[in-house]
Amino acid sequence: MSYSIESITESMGARRVGSVPATIDWLLTDSRSLSFPEETLFFALTTKRNDGARYIPDLYARGVRNFVVSEESYRDIESGKLKPTANDQSPVVNYLIVPNPLKALQKLAEQHRGKFQIPVIGITGSNGKTIVKEWLHQLISPERAIVRSPRSYNSQIGVPLSVWQMNEQSELAIFEAGISEPGEMRALQNIIKPTIGILTNIGGAHQENFFSLQEKCMEKLVLFKNCDVVIYNGDDEFISNCVAKSMLSAREIAWSRKDMERPLYISKVEKKEECTVISYRYLDMDNTFTLPFIDDASIENSLNCLAACLYLMLPAEKITERMAKLEPVAMRLEVKEGKNGCLLINDSYNSDLGSLDIALNFLYRRSLVNGLKRTLVLSDILETGQNTPTLYRQVAQLVNSRGIERIIGVGNEIATCAARFDVEKSFYPDTNTLIRAIERGELRLENEIILIKGARKFGFDALTEVLEKKVHETILEVNLGAMIANLNSYRSRLKPEAKTVCMVKASAYGAGSYEIAKTLQEHHVDYLAVAVADEGSELRKAGITASIIIMNPEMTAFKTMFDYKLEPEVYSFHLLEALIKEAEKEGITNFPIHVKVDTGMHRLGFAPEDMPRLIERLKGQNAVIPRSVFSHFVGSDAPQFDAFTRQQIVNFEKASMELQNAFPHKILRHICNSAGIERFPGAQFDMVRLGIGLYGVNPVDNSIMNNVSTLRTTILQIRDVPGEDTVGYSRKGHLSRPSRIAAIPIGYADGLNRHLGNGHAYCLVNGQKAPYVGNICMDVCMIDVTDIDCKEGDMVEIFGDHLPITVLSDILETIPYEILTSVSTRVKRVYYQD
Ligand SMILES: *Cc1c(COP(=O)(O)O)cnc(C)c1O
């Protein structure tokens, strides 16, 4: 649903400075999630750790024109302390000035919520909120269009953003509400206004700010103030008492396994090997369902779901059918290869007992496959409110029951309970001390499967990095300054309003995607593009916030794309259907996609004739939304194809306009690659895609502009070899005279093409040509330095500043792209800016 900026200003009671006309579809609090700058309203929130106003210049550069700011931030803007634009232009923006941007966000969501009369489920409790929400969605979504909180958006910020997703199509809404301090629930109640309340359970999580468990439980019940019905575990006396005390006017569906008088009586719970059979009586009817889980938490979650489904009058046979198919709610555990034969399981995101249990289980199952020793690196577990000895007694029980063979504790609390763990153990006060012990060899990890689990505060990412680090003497030196010079040179050919996508696929053409992406982001490019989802998620994990396009989205990786806000290219109906299906399953709406049209390449893309069908399909759903439409040139670098290129432009113009005309929002159109920018300046449309040119190679004449990458190594050893001897495998390296032969640590496994061997090419040693002698080996090769003044340890240039990459691509009868992208990942990238 969209609102005019005027009506939003009024809803929030804001003071507006600026008069840019605008329609707002999207609310943004996290600059990493930006996708539709023109229709976005950014809230500059101040949190303990961050001041959102800092992101205004970056967002402005990316096209955002509407900002909600505090009086204080606005004073900083007015006084010039905070400059919304990087250079001197005066910005064309709307500022909505309010006393408190968070309150304004909540108020806006409240008014939006007020427009809907549909049932709204509000879920709160200490554990299980997300699972109950996701399961309810699995159970009810075949009947009703559901809007629900994305992942676990349950905070003071997450709830308004969730509620904002309600639209004309919604028939049921499911929102989570989580609190960490007294008084917070009232605000959430106002925004969600649930008609159906579910209290999952009350436990120790987030206890530290509450005086007592009762205070916390009563606070949670505030959510249910105006509900029609409240669902909870009637066997939990504590909860039952709190519900009675809070005097809710709602009807209650308390479920019970003991008390037949309760509205929902659970008559039997029978655990089998891999499932649980549950019988219940509701409104005098007896029914049974099978749950594909056996743990107590899942049983409890399923009973809360059951009560909600019954209240919503979902027929018993539908409930039975769908309960049997419930799927586990995915967790995020990353598996990586470590040094010394180790396997790393990275879960350095949260640390509570529940997630530890799940992660240990995962570790255990993985260890059965590979037989590695089971090791746990665990930090202090924070914010449980439990006392230390009790907590770590439970941890120790878990550790013992899952066959952990070694524990490495980090933090002061866990160390005090060291005696409880009767396995191989060591303890460190903090992460840095642990890392130093590993680097000095005092702590050796070898052939182990290691679960790395810690509260975020402990910064275990640095630990993971050390355990997976790779070292090698050959380096690819990347000149970031040269890359920026190339970027600017292409930018100078663009019309001012044209946006830029920078291609950082294939590790930024071999240069290494993170540093390149970070530098490009600093220079405010509009989009980055990578080939596959993993390349994108790596960038996100490293902190890249710019918009990212995935050019070859794998069907198996949609979840990764949603989680990390990676926008897929869509080129076929098959892919589109799969994407829509997955997005709907995840409760995602309006996920931006980029539509590829085939105008002559005949590789991937919708045919121009597909446009009407595509438009119809896109209009019939709201899971995805076209952000851009594009096509790719076949031969924009060569005059011999100019007629063909012009035909591609005509075809694209027509197909892309057809799509644009079918939608009210702006869809960015683009077709130019590097060569296209240079040779077809009239075809810039809204955006261009810059690839090889960024990395210094002019695709039109193969000249080098500002060289970006230089592959270097050093001489390991030099020897004198008699003229009649040979060098290397299969005696291929014949000599014509007594020679000095140097061995260098680079081989075909590093990306040095084997066809360069046997004198077909050369490298540079102290500026002079040294031909490759004999076959290039896997990790090493030999060069002839007979006529060169050099010694062991001297630098060798394989390609780069003094030996153009095009020399090698010509010898190999290939294109520079292949040379650049062949440098293998074990070659360390080193960056500098001149
Ligand atoms: C790689 C790629 C580009 C960039 O091409 P260059 O020739 O490197 O500029 C542009 N568009 C698409 C679709 C690509 O895959």
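Including glycine, each Cβ sits where the backbone N, Cα and C put it.
Just so you know, TrEMBL annotations are computer predictions that nobody has curated.
Quick caveat, the model's predicted, so the values are computed rather than measured.
Lifted from TrEMBL, the feature list:
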- Lys505: active site, proton acceptor (ACT_SITE)
- Lys505: N6-(pyridoxal phosphate)lysine (MOD_RES)
- Arg603, Met778: substrate binding site (BINDING)
- 708-832: domain 'Alanine racemase C-terminal' (DOMAIN)
- Tyr729: active site, proton acceptor (ACT_SITE)
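Positions of TrEMBL features highlighted on the structure.
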residue	record	Cβ within 10 Å
Lys505	active site, proton acceptor	21
Arg603	substrate binding site	10
Tyr729	active site, proton acceptor	12
Met778	substrate binding site	11
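Across the range of the domain 'Alanine racemase C-terminal' (708-832), the DSSP-based residue counts are 23 helix, 45 strand, 57 coil.
Cα spacing between Met778 (substrate binding site) and Tyr729 (active site, proton acceptor): 11 Å, rounded to the nearest whole number. For Lys505 (active site, proton acceptor) paired with Tyr729 (active site, proton acceptor), the C-alpha to C-alpha distance reads 36 Å. The average per-residue pLDDT of the prediction over the domain 'Alanine racemase C-terminal' (708-832) is 94, rounded to a whole number.
Secondary structure from DSSP puts Lys505 (active site, proton acceptor) in a helix.
Rounded to a whole value, the Cα-Cα separation of Tyr729 (active site, proton acceptor) and Arg603 (substrate binding site) is 41 Å.
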